[in-house]
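Listed in Swiss-Prot:
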type     : residues                                         : note
BINDING  : 15, 65, 438, 439                                 : Mn(2+) 2 binding site
ACT_SITE : 65                                               : active site, phosphoserine intermediate
BINDING  : 126, 155, 156, 187, 193, 257, 258, 259, 260, 330 : substrate binding site
BINDING  : 397, 401, 456                                    : Mn(2+) 1 binding site
């Protein structure tokens with residue numbers, strides 16, 4: 001091996017691979033995962049908290065991929081948008097926001113209407129229904145007609161929870177005496193992020209083309225779709241009442257997570273949009289709850305938080321090269337989210353995007369593109385030029401979301417086989433690998449009543465360190481342990497220690513590494529897999 005070649009430090013993120021002792025509904029324990037099982041038995045390991053306050057969310061709130069990757073890359077607990085927005089509503093500062101005050105004033109002057117587009121869900125991953133309630137209260141106080149274009153969930157919530165949520169929303173609208181639910185659309189259509197423009201087009205057209213309504217309540221329409229075996233995620237775009245977005249109106253997209261809100265927003269606002277043919281609505285005021293993309297011609301209600309000295313930035317400033325690699329479904333997570341919401345790569349940061357399979361749901365292709373991601377990563381590692389490699393395997397999360405137990409087992413087994421190949425390449429390069437997950441999912445596939453569980457969980461996630469010959473941990477004498485009570489915020493400091501780089505003061509996480517002689521003997525957790 002060339003003495004000048006680089007021995008990489010590789011961060012492998014098993015998206016949605018949570019830890020849970022119980023066997024019932026646990027695809028992780030049901031899957032044959034000999035690689036991970038042997039690693040857990042032979043190498044330093046621990047469990048990390050990946051939900052709630054450990055990642056800047058309310059206590060008891062399940063983690064998610066965006067929050068997980070942001071925390072991993074930041075090396076600190078970052079107050080999440082869910083908390084920022086909820087606090088603004090609770091304190092009343094949202095109702096005094098200058099942007100909202102100006103928009104309400106303009107709508108009153110020109111007789112415009114206020115449209116609220118977003119995921120009507122209690123999941124707290126992309127949005128929260130309480131935020132919509134706050135916005136509807138604002139519109140009612142300003143005496144501006146409100147129209148809700150409800151996107152139904154079924155992924156971060158139970159598959160048939162939408163009827164209950166929308167029935168409560170209709171009661172809230174009646175109590176306010178202002179507003180109607182104009183349209184429904186499952187997130188499968190309205191929140192696609194894989195450039196399946198035919199889905200986005202159906203959602204866009206139901207929101208912008210007027211016509212007669214169904215003459216039924218939202219809950220009644222949902223129950224009718226349930227009878228056709230269509231769950232919340234897959235509700236076809238449907239008009240409940242006249243109320244299309246028109247020139248002179250205002251739209252507020254109240255999702256706070258950007259990745260699944262971008263395509264629909266682009267269709268509304270981009271003059272050079274090419275996803276499908278549509279007229280650009282003139283004189284339309286478009287507001288997004290958070291910044292979805294740096295150059296979108298929209299107004300942003302909650303501006304991005306400025307985070308400095310992120311992991312990628314520290315590695316870049318040290319003059320080291322790094323690589324981010326994932327398939328389409330998780331590409332934004334290892335790039336945009338991992339970099340703290342920064343679109344552009346840092347100097348010396350290369351990126352590889354592998355196309356996800358073009359299927360309706362990923363239980364139809366549980367292998368997804370894991371093999372291709374692994375092939376590309378092995379090729380890159382063989383070049384011996386990257387000091388840090390960040391790789392995401394999407395399968396456990398994306399297939400777990402389908403609720404298909406057998407397909408999720410196949411997804412996990414695929415990842416395990418790919419991990420074996422990847423580790424062989426890292427070992428050959430003398431590198432060190434840190435394997436972990438960003439949140440739970442696949443370890444819980446049905447609830448206590450036997451119904452499919454398609455959401456994330458609050459369970460901890462496994463973390464395994466595979467130390468390489470040319471990346472021995474400084475100061476540990478070749479014998480290192482991972483401490484307990486860690487969180488995702490501790491991962492970036494850990495990687496910096498392995499790389500031999502100083503931890504910046506902005507990173508408040510603590511390295512998970514400790515010499516074996518300083519480790520207090522503790523009960524070992526049970527294995528990751530079978």
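Glycine residues also receive a Cβ, built from the backbone N, Cα and C atoms like all the rest.
From a predicted model like this one, the values you see are computed outputs, not experimental measurements.
For the binding-site residues 126, 193, 258, 260, a Cα-Cα cutoff of 10 angstroms around residue 456 (Mn(2+) 1 binding site) retains nothing. Listed in chain order, the extra residues whose Cβ falls within 8 Å of the Cβ center of the Mn(2+) 2 site residues 15, 65, 438, 439 are 13, 16, 50, 63, 64, 68, 69, 333, 397, 437, 441, 456. Taking the Cα atom of each, residue 193 (substrate binding site) and residue 65 (Mn(2+) 2 binding site) are about 14 angstrom apart.
Look at the binding-site residues 15, 397, 438 and count other Cβ atoms within 10 Å of each Cβ; 15 has the fewest. When Cα-Cα distances from residue 126 (substrate binding site) are compared across the binding-site residues 65, 397, 401, 438, 439, the shortest belongs to 65.
Within the same chain, the residues at least 6 positions away from residue 258 (substrate binding site) whose Cβ sits under 8 Å from its Cβ are 290, 291, 292, 293, 332, 336, listed in sequence order.
Each residue contributes its Cα atom, and for residue 439 (Mn(2+) 2 binding site) and residue 397 (Mn(2+) 1 binding site) those atoms are 9 Å apart.
Checked against residue 397 (Mn(2+) 1 binding site), the binding-site residues 15, 65, 156, 260, 438 differ in C-alpha distance, with 15 being the nearest. Within 10 Å of residue 156 (substrate binding site), judged by CA to CA distance, lie the following binding-site residues from the set 15, 65, 401, 438: 401. Closest to residue 260 (substrate binding site) by Cα-Cα distance, out of the binding-site residues 15, 65, 401, 438, is 65. Binding of substrate is attributed in the record to 126, 155, 156, 187, 193, 257, 258, 259, 260, 330, and the widest Cα separation among these residues amounts to 17 Å.
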